[in-house]
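*Asks:* To start, I am sharing the structure in question, which I have written as structure tokens.
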Amino acid sequence: MKKKIIIANWKLNGNIQLLQTLLKPLVNFYIRHKNKSSIKLVIMPPYVYLYPMKSIISHSSILLGSQNVDINLIGAFTGEVSINMLKDVGVSYVLVGHSERRQYHRENDVIIAKKFKIVKDSHLIPVLCIGETEHEYLSCKTEKICKFQIDAIFDLLGPSGFNNSVIAYEPKWAIGTNTIPSINFIQKILMFIQNYIFNKQNSTIKLFSLQYGGSVNEHNIIELYDVKNIDGFLVGSASLSLDFFKKLLNNC
């Protein structure tokens, strides 16, 4: 059975104390839990906690992820972090294209595609966030928006662009609102994404994983867990709670 990938995006949250009160108990709970074989956990803390987190999770199969990366490898780029630095501290997954990066940091599809490429070139796994605004959702433009965001990767990397990658469908209007699309709608969009990539790569071999993100919590993740085509979840604020992980592991 293919493992579901649960990615915990801590965003601008956390402190040293949280590593002790959340992460250490989570590691112990995960190690001894019977369902750990069906779930792959990836935690993405703020940059400053990557290295201390590495030592805490080192004796478990929990993986380290980064919320961002710069497109440059070295040089006079104050405040940035390169892919080689992330590799150096043990990062396996890198998030690119999150709607908050698109909105607040003016990242466009060209920049996002470059970040995606540099992650792949370094043999790490990129996690591409795609999704529509509420206006686009109400205007029935979800598929069109997802297509544009996917095409930016194919334009730069070609037909094999999404091999060994994760695509997280995360509608912007669902983030932090406690509102999610209907299960039927999520299934429809994930099927569209899958078939669109199959068509572009001229193959129906699924070498990528599809996730849902946006207001995922300890209640709705159980309902969504077995939805067709969902290979995992991108989780925000709920992943700051040990109870979320306990419920997930106890029920999935």
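Using the three backbone atoms N, Cα and C, a Cβ is placed for every residue, glycine included.
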*Asks:* Please pick, from Gly161, Gly176, the residue that Swiss-Prot records in the substrate site together with Asn9, Trp10, Lys11, Ser215.
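*Replies:* Site partner of Asn9, Trp10, Lys11, Ser215 for substrate, according to Swiss-Prot: Gly176.
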*Asks:* Using C-alpha atoms only, work out the spacing between His98 (active site, electrophile) and Gly176 (substrate binding site) and round it to an integer in Å.
*Replies:* 13
*Asks:* In whole Å, how far is Glu170 (active site, proton acceptor) from Ser215 (substrate binding site) when you measure between their Cα atoms?
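*Replies:* Distance (Cα to Cα, whole Å): 9 Å.
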*Asks:* Just to verify: the residue among Lys11, His98 with the fewest other Cβ atoms within 10 Å, which of the recorded positions is it?
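*Replies:* Each of the recorded positions Lys11, His98 was scored; lowest Cβ tally within 10 Å is Lys11.
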